[in-house]
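According to Swiss-Prot, the protein has these features:
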type     : residues                                   : note
BINDING  : D44, 143-144, Q169, 198-208, R222, 290-298 : NADP(+) binding site
ACT_SITE : Y49                                        : active site, proton donor
SITE     : K77                                        : site 'Lowers pKa of active site Tyr'
MOD_RES  : S85                                        : phosphoserine
BINDING  : H113, Y232                                 : substrate binding site
Amino acid sequence: MSRQLSRARPATVLGAMEMGRRMDAPTSAAVTRAFLERGHTEIDTAFLYSDGQSETILGGLGLRMGSSDCRVKIATKANPWIGNSLKPDSVRSQLETSLKRLQCPRVDLFYLHAPDHSAPVEETLRACHQLHQEGKFVELGLSNYAAWEVAEICTLCKSNGWILPTVYQGMYSATTRQVETELFPCLRHFGLRFYAYNPLAGGLLTGKYKYEDKDGKQPVGRFFGTQWAEIYRNHFWKEHHFEGIALVEKALQAAYGASAPSMTSAALRWMYHHSQLQGAHGDAVILGMSSLEQLEQNLAAAEEGPLEPAVVDAFNQAWHLFAHECPNYFI
């Protein structure tokens with residue numbers, strides 16, 4: 001659905017997943033500096049990212065995160081994967097390890113990265129409340145939970161007097177809109193803001209890939225050569241997705257001619273101006289990158305204006321082409 005220009009623009013968050021993986025420490029420092037110099041303040045990492053190197057690199061930047069007078073806000077996440085769980089001991093261990101890596105006394109936002117169906121959710125939430133009371137984090141967030149789980153968690157927290165979640169981080173882009181149907185109404189009801197990850201559908205909405213690329217040898221990246229590549233291909237690498245992207249590229253040429261914005265720019269402008277994100281609610285877009293140049297391009301696109309109506313219509317057509325294959329927003 002198209003939105004008016006007058007609405008408040010969603011915030012921008014720096015996604016630090018590639019720090020320590022495709023970006024070394026000096027590049028990560030340059031990226032962070034460039035992001036902060038544009039006036040943005042929120043950084044998103046996780047216990048899991050780059051086997052802890054993302055947090056360690058951020059901790060070594062001297063940002064004094066977690067101090068009362070620091071304008072930089074840091075978020076991290078505890079996960080139920082690779083030998084971890086969301087049982088109380090593991091949640092505590094992960095958060096305390098993250099604080100050591102980040103060299104800060106507390107984080108501004110602490111997420112449960114995904115549901116742990118082997119751990120009673122009441123125990124997890126009680127542990128989070130205890131950690132909050134100890135001053136180890138300010139806000140509680142959820143990521144990759146189903147709408148009914150969000151409702152259950154909010155109800156449990158309210159009835160027990162525990163800290164309530166205030167942020168949900170989920171997958172959302174111009175061609176992956178499953179969150180709009182039931183999750184967004186749930187979040188609005190319970191007062192959670194929404195932070196969108198994968199706004200470029202894992203990079204597919206850059207337009208640099210072709211469907212046939214999967215059959216040949218490709219350089220290491222989001223879709224090839226990493227431990228996450230198969231997951232991303234299973235999520236996004238569908239023939240209908242590429243057909244939808246071609247529709248948008250055609251509409252861009254028809255609407256703008258020789259001055260047509262890039263596919264990346266168009267996809268990000270859709271997020272900021274035509275999605276269901278609302279800056280007035282505190283919603284945000286998480287921008288990831290694997291280089292300083294990529295970040296600067298994405299930040300520039302995020303500052304541009306709305307798209308021509310014909311391009312917005314083409315994105316809607318692309319979504320309807322791919323909707324039946326859209327990956328679930330929950331795990």
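Note that Cβ sites are derived from N, Cα and C of the backbone, with glycine treated the same way.
Since the structure is predicted, the reported quantities are computational estimates derived from the model, not experimental observations.
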*Looking only at S85, N198, S290, Q294, which of these recorded positions has the biggest number of Cβ atoms within 10 Å around its Cβ?*
N198
*Do you see any of the binding-site residues D44, T206, S290, N298 whose C-alpha is within 10 Å of H113 (substrate binding site), and which ones?*
none
*Find, among the recorded positions listed as Y49, Y232, the one whose Cβ has the highest number of other Cβ atoms within 10 Å in the structure shown.*
Y49
*Other C-beta atoms that fall within 10 angstroms of the C-beta of D44 (NADP(+) binding site)*: 27
_Cα separation, N298 (NADP(+) binding site) to K77 (site 'Lowers pKa of active site Tyr') (Å, whole number)_ = 24
*asked:* Just to verify a number: CA distance, N198 (NADP(+) binding site) to S85 (phosphoserine), in angstrom, no decimals.
replied: 24
_Between Q294 (NADP(+) binding site) and the residue listed as 'active site, proton donor', the C-alpha gap once rounded to whole angstrom_ = 19
_Using CB atoms and a 10 A radius, I'd like the single residue among the binding-site residues T206, N298 with the highest neighbour count._
N298
*H113 (substrate binding site), number of other Cβ atoms within 10 Å*: 24
